[in-house]
Amino acid sequence: RKTHPLFKIVNDALIDLPAPSNISTWWNFGSLLLLCLAVQILTGLFLAMHYTSDISTAFSSVVHICRDVNYGWIIRNLHANGASFFFICIYLHIGRGLYYGSYLYKETWNIGIVLLLLVMMTAFVGYVLPWGQMSFWGATVITNLLSAVPYMGNALVQWIWGGFSVDNATLTRFFAFHFLLPFTIIARKTPPLFKIVNDALIDLPAPSNISTWWNFGSLLLLCLAVQILTGLFLAMHYTSDISTAFSSVVHICRDVNYGWIIRNLHANGASFFFICIYLHIGRGLYYGSYLYKETWNIGIVLLLLVMMTAFVGYVLPWGQMSFWGATVITNLLSAVPYMGNALVQWIWGGFSVDNATLTRFFAFHFLLPFTIM
């Protein structure tokens, strides 16, 4: 636990963390907030598998989760009430900081303020998702506050709405933001990783003749960033419902400003991503990088995650190729001993590739790139 690059971070933060012996219980709320965030992300992922971001079916999909999905009512209530407990811990955490003078550490305090704003944004867009009366009017009132911004207020409100009123476009992009923002909050925890990488690189001898084959690692990071950014834009306009999925893709290409460019950049960028991956793997095989087993195994896991992301993304347009591709590839899992058929039906969300399959594939396609990061 003290030498492994990843376990060392956990060890230094939880086990061997130097702390004064007279520390009070008020310092527990930081770790409680991390626990709350983990619970919210896990329960939110399960809810996203069954939720549809369309104004005609959003409310009924929430009812379906509570009534028909196994333990759906527990997960939904845990997510909703967990958000309230999240804010209780936040305010107690802030109160402790004010009382004990933590605001004097300005850099840390400012990061905390940014995180508070991100959490409030996440909670607000999540409050809109059930699409009841409170959701609709809450979205209308809160977003209208931005009209007070000088010069650009009205344009900003209409951009957030996706039109001239709170409508389907608003719900779709709010769902995208609600899925993205928790991972933006987690990103605050990544700076320690850079220190690990930096410490590892310091001990390496500087090579005198680095081959151009080493550039593909940087290209992969660039491709991942492009895929995430274009995917976020597409998610604002895509609807994960089999009756409207294909037409929403057509709408993106025909009606959305520069939508055809972004959609093609996302689709063809995935192909370029895999070209870089295979060249990167080829370089590793040629130069013997596979001898570093720990690093190589991490690379194999990342490759599998990228392939899963590409597969579920291929299904989203919901054409003939998407449907039969999803049916054939997922059926391969039926070969798993003892639990194959149950696993396939769990992925499908029923006894065939249907609306539940598309909804959870959309959730996976949104989640996996951040898992890769």
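These residue numbers are counts, starting from 1, taken along the chain as shown.
Each Cβ is built from the backbone N, Cα and C atoms, and glycine gets one as well.
Feature annotations, reproduced from TrEMBL:
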DOMAIN    1-187  domain 'Cytochrome b/b6 N-terminal region profile'
DOMAIN    183-373  domain 'Cytochrome b/b6 N-terminal region profile'
TRANSMEM  26-52  transmembrane segment
TRANSMEM  73-94  transmembrane segment
TRANSMEM  109-129  transmembrane segment
TRANSMEM  136-161  transmembrane segment
TRANSMEM  213-239  transmembrane segment
TRANSMEM  260-281  transmembrane segment
TRANSMEM  296-316  transmembrane segment
TRANSMEM  323-340  transmembrane segment
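Among the listed stretches 109-129, 213-239, 323-340, the one sharing the most Cβ pairs under 8 Å with the transmembrane segment (296-316) is 323-340. Within the model, the domain 'Cytochrome b/b6 N-terminal region profile' (1-187) shows a mean pLDDT value of 89, rounded to a whole number.
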